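Undergrad: Attaching a single structure in C-alpha cells format; questions to follow.
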Amino acid sequence: MNTTSNTSNIIVGLSGGVDSSVTAALLKQQGYQVRGVFMQNWENDDNDEYCSIKQDSFDAIAVADIVGIDIDIVNFAAQYKDKVFAYFLQEYSAGRTPNPDVLCNAEIKFKCFLDYAVGQGADTIATGHYARKEARNGVHYLLKGLDRNKDQSYFLYRLKPFQLERAIFPLGGLEKPEVRRLAAEFNLPTAAKKDSTGICFIGERPFREFLQKYLPTDNGKMVTPEGKTIGEHVGLMFYTLGQRKGLGIGGAGEPWFVAAKDLTKNELIVVQGHDHPLLYTRSLVMNDLSFTLPERPKAGRYTCKTRYRMADAPCELCYLDDETAELVFDEPQWAVTPGQSAVLYDVDICLGGGIIQTTDKPVIITR
C-alpha cells in the first residue's frame, strides 16, 4: 500500500511511456497535487536514428497536457554519464555484463530526480514501476509488483530507506493489461505505445555498433573447454554467459552456448547443449552490497533472482565481510553472470542484494 495523504505534493517522473502516463493520470484523478518531470538522461543527437529521447519528451508533454498538469524537462545527462555510463563501460572492459538500469534507478531516478523534486517542494515522487511499498511500524518495505510478469523490484533493490520513504508506485497493484485499459480510458496518447526495450541510452540500435564507439575490440579464438578452436569471436565484451545467438557456429548436434571468458588469453569458451555442466553453478560471491531496510538481513535462508524475470531460487546467505556475501543455492543455477545483480527476497519483500563477482563454476581450461 502506498501511504500518502491526498494533500501531498507529488512530482511524477514522466518518461513518455504508458506506465508513467497512467501513474500521473491516476494520481491527478485521486486529487493529489501533481506535477511532471521528464528526465533527459542522454544527450540527443538529431542525426541519431535510434535515439527516442526527443519523441519521448513530446509524448510526455502531450500526456501532461491531457492530464492537466505542469511538466518540467530536466537534464541529468552529466550525472548519468558520470554515475551510470562510466560504470557501464568499466564493467564491459573488465569482461563483465553490467545492468545499468539498476544503477540508473539508484543514482538518477531516485537520487538526482528525488533531490530535484524535494528542492521544488515535493513531498513525494512517483514512478511507473511495477513494484509495491508498505509502511509497517515506521519502516518502508519494497515489495514485488502484483503483476509477476512485470514485477520490477529486481531493478529497485539498491534503493535506500530514505529513498523508499519519499517514493510511491501507483501501478504496483495493477497488471499491465489493466494499465493499457486505463490509458485508453484517460485518452492518453501513449495508450498503444510500445514498451521500451533494451538499455535506455542504447535504444533499439545494434549493441555491437554502439559499444565499438567507446571501447576497443580485439578478435580472438572461440574454443571448447578442451582447447579445440571452433571459431572466432569479435571481442569478448560482446558476449554474455549463456548466450546462444550470434555465435556463428554451425554443424550438427545441439546448439552452442557461451560458458566462460578467458581474459588473459582473449578466448571465448563455448559448450554444446543447454544442460552442459559448465553452464551451471551452485554458489556465487557478490559484493557492493545494498539493502532496502535500515538493518541488513541476517544470514540465513532466502530466495534470490540472479536475472530479471527468473523464478525465485531458494538459497543460503552467508556474509564474508561487510561488503561481501556468498549465496549457496539449493539447486544449480543456469548462466549466473558476473556483473549482474543477485537480489534477495523474503517471500514478497525485496531485501536488497549485490553485484555478482564470481561463481563456483570452474573456469580452468583443461588442455
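Keep in mind that glycine also has a Cβ here, set from the backbone N, Cα and C atoms.
Pulled from Swiss-Prot, these are the listed features:
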- Cys104: active site, nucleophile (ACT_SITE)
- Cys200: active site, cysteine persulfide intermediate (ACT_SITE)
- Gly13, Leu14, Ser15, Gly16, Gly17, Val18, Asp19, Ser20, Met39, Gly128: ATP binding site (BINDING)
- Cys104-Cys200: disulfide bond (DISULFID)
- His129: site 'Interaction with tRNA' (SITE)
- Gln340: site 'Interaction with tRNA' (SITE)
Undergrad: I need the CA-to-CA distance for Met39 (ATP binding site) versus Cys104 (active site, nucleophile), whole Å please.
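TA: The separation of the Cα atoms works out to 11 Å.
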Undergrad: What is the one among the binding-site residues Gly13, Gly17 whose Cβ has the most other Cβ atoms less than or equal to 10 Å away?
TA: Gly13
Undergrad: Taking only same-chain residues 6+ apart in sequence, whose CB is under 8 Å from that of His129 (site 'Interaction with tRNA'), what do you get?
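TA: When sequence neighbours closer than 6 are ignored, His129 (site 'Interaction with tRNA') has Asp19, Gly145, Gln152, Phe155, Leu156, Phe169, Leu171, Gly172 within Cβ distance under 8 Å.
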Undergrad: Is it possible to get the count of other C-beta atoms within 10 angstroms of the C-beta of Cys104 (active site, nucleophile)?
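TA: Cys104 (active site, nucleophile) is surrounded by 25 other Cβ atoms within 10 Å.
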Undergrad: Which residues does Ser15 (ATP binding site) neighbour through Cβ under 8 Å, counting only same-chain ones at least six apart?
TA: Phe38, Met39, Asp56, Ala60, Gly128, Ser196
Undergrad: From the Cα of Gly13 (ATP binding site) across to the Cα of Cys104 (active site, nucleophile), what is the distance in angstrom?
TA: 13
Undergrad: Would you mind checking how many other C-beta atoms are within 10 angstroms of the C-beta on Met39 (ATP binding site)?
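TA: Its Cβ shell of radius 10 Å holds 26 other Cβ atoms.
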Undergrad: If one measures from the C-alpha of Gln340 (site 'Interaction with tRNA') to the C-alpha of Gly17 (ATP binding site), what distance in angstrom results, rounded to a whole number?
TA: 26
Undergrad: Hey, does DSSP put Met39 (ATP binding site) in a helix, a strand, or just coil?
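TA: Strand, per DSSP.
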Undergrad: For Gln340 (site 'Interaction with tRNA'), what is the secondary structure by DSSP, using just helix, strand and coil?
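TA: Reduced to three states, the DSSP call for Gln340 (site 'Interaction with tRNA') is coil.
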